[in-house]
């Protein structure tokens with residue numbers, strides 16, 4: 001709820017207090033001279049359609065009240081300058097005294113000119129004559145929003161005075177319109193042009209009658225009648241000399257001309273409502289909360305696209321695939337991202353990061369895969385682009401599709417901007433067709449279930465559709481080749497790569513398209529390094545994504561590899577490690593030193609809690625004996641892991657590698673170092689436990705149990721011996737007594753040696 005503070009100023013006797021009292025009493029009230037009314041508060045219930053509390057303040061121009069006048073002007077949201085139309089001197093002081101006074105105080109708020117006492121005016125005044133008087137003032141003082149004439153005596157137009165004052169705050173002219181040049185301001189043109197492109201559903205550059213009706217329903221929740229549409233076309237044709245109307249619809253020029261007409265006719269609420277509906281704030285920038293709504297992701301969970309999200313990105317793909325070839329070319333991508341700061345992935349090597357045609361156009365599968373990766377790694381980027389691309393408006397006749405938090409349309413939202421007020425009242429109730437609702441961008445995402453339970457319970461699959469694997473290994477081991485092969489880019493043939501050596505063959509920048517330029521405050525990066533930017537340049541690695549058919553369904557697999565410097569940084573970062581579903585250790589089977597690198601990584605960092613797979617690349621070359629204490633196969637068996645997969649990207653022999661990674665991600669216990677028993681013991685004891693440690697603990701427990709059993713038996717035997725023989729017995733010789741005592745001494749000595757008393 002907003003507050004609007006209206007401060008009335010003006011010469012003595014202009015009728016400020018009478019206007020306020022006429023509003024309250026709805027009749028003329030004769031007041032004593034020099035009366036200054038107390039502050040009046042108008043609750044929101046009095047002004048339906050606006051959740052606004054209006055405060056009206058009366059002032060006095062007398063010198064002794066100067067400090068009060070100045071303070072109130074400085075606190076005002078809008079200033080109403082009241083003058084008496086029957087007193088020319090009163091009107092003359094508006095531009096010569098009152099407006100300069102307000103400016104001198106450094107106050108930058110809208111001003112409404114209020115001509116009172118029209119009941120005392122002699123003769124009729126035409127609108128043109130009034131405009132000739134007011135326009136020069138408005139041209140010199142841009143803060144003047146409008147002029148309204150009234151009579152507190154009749155009373156006449158009293159509520160309109162405060163309606164225009166309220167609108168000057170809620171729907172200001174200054175951000176939209178240049179009153180000196182009589183044109184829309186550049187920021188307004190940019191915002192309205194973006195809305196035009198979003199409303200143009202078929203992307204033909206025209207708003208058809210159906211598209212205009214969809215816009216009308218979305219913003220105002222009222223249909224656009226045929227006669228109203230014809231009226232719109234007539235207005236636009238007059239304002240553009242016919243060039244704004246094409247093929248029965250409006251082109252962009254006509255769309256801008258229509259909103260210019262609304263502003264010039266004082267119907268700013270129409271344009272402002274459209275702007276706010278599409279996420280714009282008072283500064284005509286997309287609001288922060290619109291781009292980045294709150295979306296909490298608990299630890300051990302991830303974000304994925306919901307069915308709504310996949311449907312939206314599928315629909316927008318098909319809308320911009322103008323040649324219907326099933327792929328988006330660079331020019332089509334440029335058009336698609338024209339309502340956004342640009343392509344968010346070019347710095348990360350897009351479109352090399354996903355599936356494309358041979359010509360480099362992005363296929364639908366590649367498009368959806370790219371958004372799946374973005375949502376997994378940077379959900380804030382996805383949320384902001386859902387807003388940029390127009391997700392929040394949706395047509396549906398099924399109420400079940402509406403989001404629970406979607407607010408109901410207010411009474412004012414049903415006003416038809418293309419009709420008169422009376423016509424709007426008649427048409428707002430007979431709306432037909434689907435209901436248009438604003439959906440929050442968060443409804444396009446969903447949070448997955450925690451994955452820790454799946455790493456503790458054998459046979460419990462991970463219920464997710466997007467998985468992340470880190471590909472680790474020495475430079476030249478073939479990591480890049482594996483990533484390129486995954487997205488169908490083929491063998492690059494660089495030296496030492498066997499498929500991909502140092503990554504020089506990887507595109508550092510995507511082909512075609514405009515890179516995203518983020519607006520001020522649009523901080524879409526999360527953390528010190530953006531996960532998307534992990535593939536932004538040489539030495540920092542790459543990210544790719546593709547769809548894998550597994551378990552009767554489609555799963556998206558994201559592969560990330562890192563440069564040697566950034567790789568260590570990732571492995572030291574616990575939060576980044578927790579994101580990985582699988583660690584893929586890659587070594588060059590033809591390089592004698594390659595396996596030692598990945599072995600040292602495992603020794604240096606605690607990685608036993610993450611499912612692991614070893615891959616031996618370049619199997620087309622001669623197998624080299626690794627300079628390591630044990631060979632890779634033996635090393636993996638000691639870890640209770642499968643032996644390394646032998647692959648050759650050059651020959652296209654990948655040994656079902658990507659399906660294997662997905663299966664491991666779905667069943668993580670199957671690939672945990674030291675096997676599933678180690679995971680169960682770790683969860684019970686609260687710290688990592690290896691299989692060797694389990695054997696040691698079990699042996700120690702068994703030994704301790706046997707020792708306690710022996711001690712108990714010896715103590716029991718000693719008691720029986722003492723009961724039978726006593727302390728030598730009555731009449732027993734000294735030797736017998738000595739023997740009895742000696743036996744007890746032997747038992748006691750053994751018990752003492754074992755750490756027990758005699759008992």
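Backbone N, Cα and C atoms are what each Cβ position is placed from, and that goes for glycine too.
In TrEMBL, the feature transmembrane segment is placed on 735-756, out of the ranges 669-690, 735-756. Across the domain 'EF-hand' (308-343), DSSP helix (H, G, I), strand (E, B) and coil residues number 23 helix, 3 strand, 10 coil. Each residue in the domain 'EF-hand' (187-222) gets a DSSP state, and the totals come to 25 helix, 1 strand, 10 coil.
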